[in-house]
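Novice: Could you have a look at this structure, given as structure tokens, before my questions?
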Amino acid sequence: MSTLRLLISDSYDPWFNLAVEECIFRQMPATQRVLFLWRNADTVVIGRAQNPWKECNTRRMEEDNVRLARRSSGGGAVFHDLGNTCFTFMAGKPEYDKTISTSIVLNALNALGVSAEASGRNDLVVKTAEGDRKVSGSAYRETKDRGFHHGTLLLNADLSRLANYLNPDKKKLAAKGITSVRSRVTNLTELLPGITHEQVCEAITEAFFAHYGERVEAEIISPDKTPDLPNFAETFARQSSWEWNFGQAPAFSHLLDERFTWGGVELHFDVEKGHITRAQVFTDSLNPAPLEALAGRLQGCLYRADMLQQECEALLVDFPEQEKELRELSAWMAGAVR
């Protein structure tokens with residue numbers, strides 16, 4: 001029986017693809033070597049320990065229907081669209097070796113006519129007249145008996161959108177998380193006009209087979225045709241949840257301030273695991289009582305626009321005469337944290 005396994009996803013859903021990756025990684029025999037090829041539609045993928053409010057322009061993502069997906073590996077934030085090809089190599093130890101998977105991808109690029117080289121710990125670069133340009137970034141995860149290396153190849157990604165979603169709003173965030181380094185990147189289509197996802201997948205597959213000296217049939221998977229993966233439904237539910245994608249953010253603080261016709265407002269939030277652990281409100285309003293009450297209500301609240309609005313509007317029962325002020329405050333807060 002072959003020790004190789006090849007899976008190719010027909011789904012563009014990042015939560016589906018990352019859930020498949022997680023299930024296979026947890027359940028594969030330690031003797032198996034797996035290649036999983038996939039791609040995502042319009043998604044910002046962040047590292048396991050990153051803060052989405054710090055890394056991403058979450059407001060623009062919401063406006064443009066761009067998803068957020070937190071992966072289980074470390075590293076920085078990246079934007080995925082259908083101009084990217086994603087790969088995951090998995091193996092049990094001691095077989096797992098990220099230098100092997102890196103060489104497989106480099107051999108695949110070479111077979112396509114692109115001379116690339118590894119740079120640093122995570123990147124593949126090509127040399128251009130303007131200097132080195134990144135065409136691939138990677139991240140890694142290891143447990144006691146297995147490991148995986150996953151990464152992205154830029155084929156024809158919309159690099160302007162990449163900059164849009166990875167340059168955050170100028171929010172006053174004093175975060176304990178790490179801000180990603182924005183790398184100089186280029187698309188493979190600049191070097192190989194017309195190159196397709198299918199061609200890249202075929203080249204990586206052939207390099208994978210050549211390295212191990214055997215071949216297997218590809219398993220084509222999609223939400224309608226999932227492989228036999230115990231606990232997949234639970235893994236997908238977690239991968240697609242707000243609690244995982246946003247709530248796992250490192251602790252951070254957020255300062256909001258605005259001047260309204262009825263007075264200035266300054267809000268200080270401390271946020272842990274997506275919940276407000278402390279809220280302070282400062283104002284020169286002639287009637288500060290609703291704002292003081294709001295500070296109490298926001299303690300323990302999810303750091304989410306709709307939940308902040310809900311808590312603010314709940315104060316209308318106790319402060320009906322301040323309806324105009326509370327609705328202005330509600331709309332402003334919701335816009336500021338998106």
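Each Cβ is built from the backbone N, Cα and C atoms, and glycine gets one as well.
When I checked Swiss-Prot for this same protein, it listed these features:
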type    : residues                                  : note
DOMAIN  : 29-216                                    : domain 'BPL/LPL catalytic'
BINDING : Arg71, Gly76, Ala77, Val78, Phe79, Lys134 : ATP binding site
BINDING : Lys134                                    : (R)-lipoate binding site
Novice: Which number gives the other C-beta atoms within 10 angstroms of the C-beta of Gly76 (ATP binding site), all protein chains shown included?
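Specialist: So the Cβ neighbour count for Gly76 (ATP binding site) comes to 19.
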Novice: Can you name the residues of this chain that are 6 or more positions from Phe79 (ATP binding site) yet have a C-beta less than 8 Å from its C-beta?
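Specialist: The list for Phe79 (ATP binding site) reads Thr43, Val44, Val45, Val66, Ala157, Arg161, Leu162, Tyr165, Leu166, given in order along the sequence.
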Novice: Identify which of the binding-site residues Ala77, Val78 has its Cβ surrounded by the largest number of other Cβ atoms within 10 Å, counting every protein chain shown.
Specialist: Val78
Novice: How big is the ATP site in terms of the longest C-alpha to C-alpha distance among Arg71, Gly76, Ala77, Val78, Phe79, Lys134, in angstrom?
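Specialist: The widest Cα-Cα gap among those binding residues is 21 Å.
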